[in-house]
Every structure is written in structure tokens, then in C-alpha cells.
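> My structure is below; once you've seen it, I'll send some questions.
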Amino acid sequence: MLYLVGLGLADERDITVRGLEVVKKAERVYLEAYTAILLVDKAKLEAFYGRPVIEADRELVETGSDDILANADKVDVAFLVVGDPFGATTHTDLVLRARELGIESKVIPNASIMSGIGCTGLQLYNFGQTVSMVFFTETWKPSSYYDRVKENVQIGLHTLVLLDIKVKEQSLENMARGRLIYEPPRFMTVAQCAAQMLETEEERQEGVWGPDSLAVGAARVGAEDQKLVAGTLQELTQVDMGRPLHSLVLLGRRAHDLEKDYIRRFAVDEATFDAAWQNGKYGSS
């Protein structure tokens, strides 16, 4: 049996009781280590689980899935995923490959950023499509996310923006030369995301958002040192949210007064927040 086990958002204690039971009985335990990171290292997981954990990078999961699934028709294999197991399409692919091989699979769900973002006080049913923000380069600044956010904005819904992480990535030069040299890990910050959003708007010029649009930055959701900051996009380009992982929510104009009251506590500057709320006509249907 292949088990996909959600680990939750913060540390080794966030696994569910059912998930821990699976981990303890499995023949092999893999930790998916590239679509998201847990806020503790692998050694802490191993100490808590009382058994070794095999780190599964992008290459192993996407091209070596048969190695992960080896003998899973006879023994239990646990595949651990930060957040919820189906937070990335790669994990769906793994289940489909297991089906092709006649291997049964079972999912043990857990909290993910999609539900955890409720810690901002923004009501989950007021969210529209979720988008991803990748690191821009000098020659590559994709803006396809802009159109999805535009649809959310047009109907007044919040947008959760998931921020890029680069783990065990190669430079183009090293890839071209066939050298297995990896770049240092990089994790996008709320400040970088806000700056890139303003850069995209400057390029597109469709008025979907602007420097005075309100947003909420969230860091290390679910952890003891979770941090929330609310403000305009311009203000958020200057905030330091600390260590990863970060997310950003662009507020929709249908935001409720209860949501305003909740997030105002985290404002960079309450007077600026109040002015942006009023001038942006937030709270209107």
C-alpha cells in the first residue's frame, strides 16, 4: 500500500495520529522535499518518528517514482508531504503511477496553507482562485497569474498568492554542461512578491491592483513564531517577515468589516490602512 501522509504546516508534532501510525508501521518512509518545506529539519522528524526518513527530491519523485513504489504491492510505503498530500500535482501523478502498477493507495489528510491562511481572519469562502508567484529574472517575468487575479478582483474576492521556493535547483550553465552542481536554496519573501506584483501592474497597466491596494503577508503559518502583517502593497515591499515560508493575500473589495477589524491589528500603519480601505472602497459588494 502507498500512503500519502500530510504533515501539516509547522513541525514534527503536526502529523495526525493516523499519519503517525502509518509512519511507524511502513517499510519505507519518504519525505517530499521540494514543493514545500517543514519548519524543522529531517533529523527532528526521525527522532520523533523513531525511524529513518528518506529525502525525496524533485528528480526522484518525477523520474524515479518506480523506485519509491518498489514492492509497494507487498509492503507499506509512506510518502510524507508538507501540508496536505494533494497540494501539488506531482503527488497526483504518483498515485496514478501506483494505479498503473496495481498498487493501492490511501491518503491521510492534514492542514495546508489553503486552510491555514484562515489565521489572517479572512473568511475562506471569500477567496477566489489561488495563484503562484515565481522568481523573476532579467529575461523572464511571467504574468499569466495576473489574469487569474483579475478575475478574482472583478468579483471582489481575496487572492492567495503562493510564493516560489528553489530547492536543489541547477543553474542553466551547470545544466548545459551536465554538472550536478546545485544552487543554494532560495525562498521568496512577501517583500519580493509585493514588488513583483507592482512590476507586473506597471507592465500590464490594467489597474487590477496598485501601490495602495491592501494585502496581508503571512509567514510560518501554524508555527509558534507565525507572523502576520497587513498594509498596502507598497508598504509590504519594505517589510521583513523573517525566515520562510511566506504567503501573501491580496484583499478583495467584498471584504467584510469583521475581516477589516481582525487584520487592522497587524497593520504596518493603521492610519494608512484606514485610508487605503476607504479610498479603495473595500467592504463594498
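A Cβ is built for glycine as well, from the same backbone N, Cα and C atoms used for every other residue.
The S-adenosyl-L-methionine binding site annotation in Swiss-Prot covers L9, D84, G87, S112, I113, L163, V221, H246.
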> Counting across all protein chains present, how many other Cβ atoms fall within 10 Å of the Cβ of H246 (S-adenosyl-L-methionine binding site)?
25
> Pairwise over L9, D84, G87, S112, I113, L163, V221, H246, annotated as binding S-adenosyl-L-methionine, what's the top Cα to Cα distance to the nearest Å?
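So the maximum pairwise Cα distance among the S-adenosyl-L-methionine binders is 17 Å.
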> What same-chain residues, at least 6 away in sequence, bring their CB to under 8 Å of the CB of L163 (S-adenosyl-L-methionine binding site)?
S132, M133, F187, M188, T189, V190, Q192, C193, L245, H246, S247, L248
